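Straight from TrEMBL, the features:
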- 2-115: domain 'PLAT' (DOMAIN)
- 17, 76: Ca(2+) binding site (BINDING)
- 100: site 'Essential for stabilizing binding to COTL1' (SITE)
- 115-665: domain 'Lipoxygenase' (DOMAIN)
- 362, 367, 542, 665: Fe cation binding site (BINDING)
């Protein structure tokens, strides 16, 4: 009798094996096998088996796997990786799985060859494809967390998440996502409930001892310097606010008589030469800040003017206005003002930047958008679709990490509401206002940098590395998708792709045509750019705004999450005591340090960008493209490491070796 020889591989991870009975059935275009029970393989990553058939069953379409426990025994979870089958004719078929099976239902898995919906002509394959998406749309439902924000997945609690998107056992154990865990690791738990004010900068230094990095120590030593203040707008954790200034805003009345520019030229000349830059935090305008420890906090909406110096090409702040509307009690601060006037002005800017970074650049533009991309993928693209195979690695852990963020960080009792100036109602308004202004071009890094006029700014390592990563992703996507989409008509006829894109527009961008977000894609070029944006957002952009949080934010005076006195309205009245009274209380400080530590700490099952431990593609072309992609990223890693050897402050946040494949933390 004809015989299929198979190998069933269980994933190499903790608790992946099973004591349960496993059965398999093979289905082809011309028939199917009988269901066969396999021997127990708990201790064996690879389990060999044979399946006899009465006659050839044709080209293999799918397999059915079923796990069943014995009588009166509880269900045992199992994580199969793949099945390989060799036909009697000698052809090998691959069936990727890569997911938990926890019940006794029959689960179907398609043969690995990627296939667009228009090319899936076998009735059995079409039925399997349809049923898979029907089930997915029942599992992955949209939910409105807050009106005006991108929608999220409807989840009652973390245990109701489908097993395929849950943390691994390793990640679950390592990542408690609680303030207490971070406080204990930083040895700060004894200060968690201390509502006293800081009495000296040295006292802050005494608790800033554990888990320090070379960069966090540098920040502690140099946080008062204008050079570090300016540098962070380019290469800190929020390089997204700065833009070139060719005309001063009407509400920022800085004149030549007010500022001193290194090089002796006028403000108008330097604007014309492209050497003046603006950071405008109008997103925060009109908000009443939160209360922390029962005390009113203060949140400004500053404007910052910076000058690129002619000798060192450094960005140096030359003027700061802390409120949007000029008035007598809203002075413009300059480096020539008293030490504490100028230092306090910079601290209010850094606090404003914390709010905009965390809520807009980080939470909204990476976490929440990554969830939109992920939910739409899981609802609209079956496993056999090439886009599912390409993109699903970039969704790893995103749904669970976002659920935890909503439950423990931005909930009523979470860190943001308890210890930041933007907690509570201000947070909601900031997110809603920010979401209403997101555009497609702002998510495409080359377009964004051009729009902000920053193409030629020196020492802008975020831009330099982001451009290279964008281009590497773009070539990779073009190489993979060009194999499946031969011309524009293939894009236009792919109804699953079009539904995926439309749901992103409707549920992520709330059907705002002014966002410029595509509602459908018509050409291969449009598809390649869109997929490049999705991958870049879920990996590189998240790395850029996430990975340096502890480096720049653990020294609280550099990045205060809240400030509890209003800024000076008259110059010459500030001193050290007024600065200390403005800083957040001890408990707010240490909770902030703990959160930034947790959010910057990769887990031991971290998957570097461009690594694909789970094999979804079987065709030679996409597998070759993945190999080339990984090689290009390796070369970029070497270039970045070599460049950083000559930098006082190495820029590592977009080093592919240190970036994760997905929004997983």
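Every residue, even glycine, has its Cβ placed from backbone N, Cα and C.
What you see is a predicted model, and the numbers here were worked out from it, not measured in a lab.
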Segment-level pLDDT (mean, integer) for the domain 'PLAT' (2-115):
88
In angstrom units, rounded to an integer, how far apart are the Cα atoms of residue 17 (Ca(2+) binding site) and residue 542 (Fe cation binding site)?
33
Fewest other Cβ within 10 angstroms of its own Cβ, chosen from the binding-site residues 17, 76, 362, 367, 542:
76
Within 10 Å of the Cβ of residue 100 (site 'Essential for stabilizing binding to COTL1'), how many other Cβ atoms can you find? Include all protein chains, please.
19
Go ahead and report the DSSP secondary structure tallies for the domain 'PLAT' (2-115): helix first, then strand, then coil.
0 helix, 56 strand, 58 coil
For the recorded Fe cation site formed by 362, 367, 542, 665, name the remaining residues of the chain with Cβ within 8 Å of the site's Cβ center, in chain order.
363, 366, 370, 401, 545, 546, 599, 663
Would you kindly give the Cα-Cα distance separating residue 76 (Ca(2+) binding site) and residue 367 (Fe cation binding site), rounded to the nearest Å?
32
Cα separation, residue 100 (site 'Essential for stabilizing binding to COTL1') to residue 362 (Fe cation binding site) (Å, whole number):
30
Can you name the residues of this chain that are 6 or more positions from residue 665 (Fe cation binding site) yet have a C-beta less than 8 Å from its C-beta?
175, 397, 401, 546, 599, 600, 601, 602, 603
